[in-house]
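**Student:** My structure is below; once you've seen it, I'll send some questions.
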Amino acid sequence: MQEIFLCSISNVRSGDCKEDCAYCTQSSHHQGAIKRYKFKDEKVVLQEARALRELGALGFCLVTSGRELDDEKCEYIAKLAKAINQEELGLHLIACCGRADLEQLEFLRDAGIHSYNHNLETSQNFFPKICSTHTWEERFITCENALRAGLGLCSGGIFGLNESWEDRIEMLRALASLSPHTTPINFFIKNPVLPIDTETLSADEALECVLLAKEFLPNARLMVAGGREVVFKDNDKKEAKLFEYGINAVVLGDYLTTKGKAPKKDIEKLLSYGLTMATSCH
């Protein structure tokens, strides 16, 4: 039976981001109806970590909004990492905090963070069409810094931003050059507050994207993330094909600003596809 890894997300700093990423409701350039807060209370984060681990999550990603890591964010993420690791939950801790230099990433590594998530999002050529406040090259350099720091790299992208198939191939080729251990695959969902005007990908096109990702990243853990609930809706037959086509990890629970599937029901559905839940990241 195929083994599936479950990963979960905690949005520990939300909203008020000065970047203008056209796909993100956390940008202050868009008027997204989201919760905004500076730093989530440590006790709340610990409760989330315990609850999600009990449900079977092996990965736990601490996400902060904003362009990049700074001293305050570094100290906060380090504090959370130490507190979670003291619980001895056996969670693989991931930080996702934007652009970061080598010294910052080494600091997080030493504090107990195991991997760093920084998505390329799309191709180098298409990126300027969805963001003008930072460059694709900055993203790529941060990924390289994570690897140099001895952290695991989690890096992927978004499909359905009006990019071409050539852009998808270019992004996947760039990701392959980084050899990430995990690649999140997101499907863009249209939102009236965001400037990207496009129709949601069909389930068939989304499956083609997964097949393409598997071709370029045969050894990466391909993790289906945002958009799964909308693209596949109640189409169990096509959702099950995700795992036939290469997906072997799933985001369990909510995303940054949108609701995910109810964890227990999601796990029941995954089991009904003949999948088993991994009990170790290794």
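Glycine too: its Cβ is placed from the backbone N, Cα and C atoms.
From a predicted model like this one, the values you see are computed outputs, not experimental measurements.
Checked Swiss-Prot, it gives:
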type	residues	note
DOMAIN	1-228	domain 'Radical SAM core'
BINDING	Cys17, Cys21, Cys24	[4Fe-4S] cluster binding site
BINDING	Cys61, Cys96, Cys154, Arg221	[2Fe-2S] cluster binding site
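Give me the lay of the land around each of these features.
**Tutor:** Taken together, the residues of the domain 'Radical SAM core' (1-228) have an average pLDDT of 92.
In the three-state DSSP classification, Cys24 ([4Fe-4S] cluster binding site) falls within coil.
Same-chain residues at least 6 positions away in sequence with a Cβ under 8 Å from that of Cys154 ([2Fe-2S] cluster binding site) are, in sequence order, Cys61, Ile94, Cys96, Ser115, Tyr116, Asn117, His118, Pro180, His181, Thr182, Thr183, Pro184. In the three-state DSSP scheme, Cys154 ([2Fe-2S] cluster binding site) is classed as strand.
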**Student:** Cα of Arg221 ([2Fe-2S] cluster binding site) to Cα of Cys24 ([4Fe-4S] cluster binding site): how many Å, rounded?
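**Tutor:** Checking the Cα atoms of Arg221 ([2Fe-2S] cluster binding site) and Cys24 ([4Fe-4S] cluster binding site) gives a distance of 24 Å.
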**Student:** CB neighbours of Arg221 ([2Fe-2S] cluster binding site) within 10 A?
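**Tutor:** That number is 21.
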